[in-house]
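Okay, here's the structure, questions in a sec.
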Amino acid sequence: MVSGSVQQSPFVSDFLQKCGGYAVVDGGFATELERHGADLNDPLWSAKCLVTSPHLVRRVHLDYIDAGANIILTASYQATIQGFEAKGYSTEEAEGLLRRSVEIACEARDIYYDRCTKDSCDFIDNGSTSRRPLLVAASVGSYGAYLADGSEYSGNYGDAVSLQTLKDFHRRRVQILANSGADLIAFETIPNKLEAKAYAELLEEEEIHIPAWFSFNSKDGINVVSGDSILECASIADSCKQVVAVGINCTAPRFIHGLILSVRKVTNKPVIIYPNSGETYDANRKEWVQSSGVRDEDFVSYIGKWRDAGASLFGGCCRTTPNTIRAISRVLSNKSSQSLN
């Protein structure tokens, strides 16, 4: 374990304690929207549904809450001011849609709390009954996600994209989401060290007041997809005081264990992991294709090992489902119960 790391945030440690020592994050979003009938063949991808099908966005959030998620991510991964403007929306409309992504997630949480019974969502904590903790994380996708050309899976933005380019691109979006009512900001699928540095500097410069997590993606289990060292990338996250958790997403399950160990070498902050189904994204065909992937039940069988390696927040990314999250929640509940006995 690294020494001299920034101390763990009381925000996360308190939250994890309320959850029983671990937390469950939701799963794949776009594929669930498609399963409910949404057509996402658009540069806006899942963010398109903020305009056309907000009821489906709310439904998917509720599906994941019902499955046991403690953290739901907003449908803003692909939602950028520049992307909405390119589709003909005004700046004001684009900013409103970013805020709306958080509102819909908060509405889903409120609906769940309103309808749930003591048996379905309460738990006993020190002899008293409490509601299951539920946080809304405002999702921020990478610059490559906005480009919609697959570069979020390569991290290759070209020499013309500088640190300042990335900060200028993300600044207003981060400002809006930080003041939208979300509990934290999730910087997801970070493909290179440059973008991690841009996020860290933005959080400092804008004095963002809500916590954040940084989550990187890898295709070899050693580096992030650009080839930058996961150790260097996680160190950037560790050095930023607003970052309260560091981890890995949209990465094949077979690489997760080694990546958890790598991240733990450079940070004492909680480790979050939410891998994809093990399939590979084909940017040219714009679809997921079978590789040496794993099925949901195999993916879930790794959770205990990942927890033992040091992860404390678990979910799924692309191609995972509420069934995946339900199974993760069940495994962790069983493991937590065993540790108490």
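Including glycine, each Cβ sits where the backbone N, Cα and C put it.
It should be emphasised that the depicted structure is a prediction, and the values quoted were computed from it without experimental measurement.
Pulled from TrEMBL, these are the listed features:
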BINDING   Cys250, Cys317, Cys318  Zn(2+) binding site
DOMAIN    11-332  domain 'Hcy-binding'
Far apart in sequence but close in space: which same-chain residues, 6 or more away, have a Cβ under 8 Å from Cys317 (Zn(2+) binding site)?
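Spatial neighbours, sequence-distant, of Cys317 (Zn(2+) binding site): Gly27, Gly28, Thr189, Asn249, Cys250, Thr251, Tyr274, Pro275, Asn276.
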Note the Cβ centroid of Cys250, Cys317, Cys318, the recorded Zn(2+) site, then list each other residue of that chain whose Cβ lies within 8 Å of it, in sequence.
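Neighbours found: Gly28, Thr189, Asn217, Asn249, Thr251, Tyr274, Pro275, Asn276, Ser277, Gly316, Arg319, Thr320.
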When you measure from the Cβ of Cys318 (Zn(2+) binding site), how many other Cβ atoms are you left with inside 10 Å?
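Taking every protein chain into account, the count is 19.
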In this predicted model, what is the average pLDDT of the domain 'Hcy-binding' (11-332)?
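Overall, the domain 'Hcy-binding' (11-332) comes to a mean pLDDT of 91.
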Counting across all protein chains present, how many other Cβ atoms fall within 10 Å of the Cβ of Cys250 (Zn(2+) binding site)?
24
